[in-house]
């Protein structure tokens, strides 16, 4: 079998349509949404995207809400770290 894509990867399905810069942006998004992420409950790399913002772990069968294209958004990480810091300050 011949190798199909060398540079374009997952966005090869769009062919020459829509322009190179738009396809590069879409490539970054599609790679992140199809990737498997580490589950925050069981620690295994089984977290997959089911729908927009819905993530499901195939190991522990937990379903959680997350980002549209990635499991954790930057704002969610910031909020979690702030909550953790406030809990530590309260305990002291």
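Quick reminder: no glycine exception, Cβ is built from N, Cα and C everywhere.
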Range among 39-60, 61-82 that Swiss-Prot annotates as zinc finger: 39-60
Other same-chain residues whose Cβ falls within 8 Å of the Cβ centroid of 39, 42, 57, 60, the recorded Zn(2+) site, in sequence order: 40, 41, 43, 44, 46, 47, 58, 59, 61, 62
Three-state composition of the zinc finger (39-60), taking helix and strand from DSSP: 0 helix, 9 strand, 13 coil
Among 57, 60, the one of these binding-site residues whose Cβ has the fewest neighbouring Cβ atoms within 10 Å: 60
Chain-internal residues, separated by at least six, CB under 8 A from residue 42 (Zn(2+) binding site): 57, 59, 60, 62
Close in space, distant in sequence - residue 39 (Zn(2+) binding site), Cβ under 8 Å, 6 or more apart: 45, 46, 47, 57, 59, 60, 62
